[in-house]
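For Asp13, the entry in Swiss-Prot reads site 'Important for activity', with the evidence type sequence analysis. Per Swiss-Prot, the feature substrate binding site maps to Gln81, His82. What Swiss-Prot lists as active site, proton acceptor is Asp239.
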Amino acid sequence: MSAAEGPLVVGVDTSTQSTKALVVDVATGRVVASGQAPHTVTSGAGRESDPRQWWDALCEALRQCGEAAHEAAAVSIGGQQHGLVTLDGHGEPVRPALLWNDVRSAPQGHRLIEELGGAKFWAERTGSVPAASFTVTKWAWLAEHEPEAVRATRAVRLPHDYLTERLTGQGTTDRGDASGTGWWASGTEAYDEEILGHVGLDPALLPRVVRPGEVAGTVRDSHELPFSKGTLVACGTGDNAAAALGLGVRPGTPVMSLGTSGTVYAVTQRRPADPTGTVAGFADARGDWLPLACTLNCTLAVDRVAALLGLDREAVEPGHGVTLLPFLDGERTPNLPRSSGLLHGLRHDTTGGQLLQAAYDGAVYSLLAALDLVLDEDADPSAPLLLIGGGARGTAWQQTVRRLSGRAVQVPRAAELVALGAAAQAAGLLTGEDPAAVARRWETAAGPVLEAVERDEETLDRLAGVLSDAAPLLERGTGAG
């Protein structure tokens, strides 16, 4: 390892499937060491994971970082949002954590919306209408199905909170991750006692919300990690807010993440409240807001279409007239949970490459429609769209986003943006800088800019028309008679 120019910090991304750790030079942003270890997630009706796995994975990831991790002066945890972690009086998990993608609590979500003033109430109070991913619905599900677990619970945490608490011995969270629970009021930036009372959750069980820039604590003696006692621990945040930090995005800069699911978001200084539920009104990790919309069908759905056609994912061909809505897992944006994929306009001369391009078009159309709802009216339409995630380096994805958005597209070279965002937050504790400014100094968003091209209005109009005409069929789903 070459000598670092400044102090070292550790940024962690504890995601659904694995924990990744980066040791970063504060002066330059250079990653001097990294490590990664997997988690397991249950399959079947629910999606659960033992939080103790996350700790073991963190220990292993840091072990892989070697001596560099021992030299770190500060650490921060970024993590998967929404998960419900229930702990007993000794800090041990009462049961496995209910993860963000465990949708068994959908009925409880619908009931909570009805019981507490409707969607408008929730949007105005918490910034979001609670979907099955939100923690409040998971607590309601647990109270209904496993009341003995609720009775045994002495602390309620989010995934990143659990790891932070094991480092410091103190129960803390941050505004970014708290805003995805459904029991944090975005208007007052405090826990909502009415909502907590309605779901029977004692606020004393919840962690203290640490303000941006505040130290969450220091590393305590009794731990298994390579940090020295007294190493600073930042408050951490949820994965989307951490990625926004990792990019150093300024208000109004649009971000599109292409993964198994697709995500669009932008930082804004206006508190969002969308009663349709399309846009989640999250807080960011700095003091601003992070309106975000998500689609369920993105890279995995398009790859499935390519596999069915026997084509490489880049083997697209231009073609006009065929439309494919790749809603293979139902869809959240637009809100069509019972939908399936829909193909329209197939003719004798339609090629496999044209069908594959139509799948890309359908996936990107949904994301761009959501982006229009996320951006402020005064956002700069000429600002490049930051394209991140696993699909961002694919030529077919890049060209489809350019053609349908009419925007310039920038593809950051930096990877592991959640861990980099956590590292920037940790660095801010040492230097006093805004973490987003740290990331900009590190030039994490630097990458090739693809110039804007004329927007393909014909394809956009065709997609909008097919979606509108087919909405009753898509809403009914394949199981209805």
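Heads up, the Cβ atoms here are built off N, Cα and C, so glycines get one too.
Shown here: features listed in Swiss-Prot, placed on the structure.
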residue : record                        : DSSP class
Asp13   : site 'Important for activity' : strand
Gln81   : substrate binding site        : coil
Asp239  : active site, proton acceptor  : helix
Spatial separation of Asp239 (active site, proton acceptor) from Gln81 (substrate binding site) - C-alpha basis, Å: 6
For Asp13 (site 'Important for activity'), the number of other Cβ atoms found within 10 Å of its own Cβ: 28
All-chain count of other Cβ atoms within 10 Å of Asp239 (active site, proton acceptor): 29
Asp239 (active site, proton acceptor) and His82 (substrate binding site), Cα-Cα, nearest whole angstrom: 10
Asp13 (site 'Important for activity') to Asp239 (active site, proton acceptor) - Cα separation in whole Å: 7
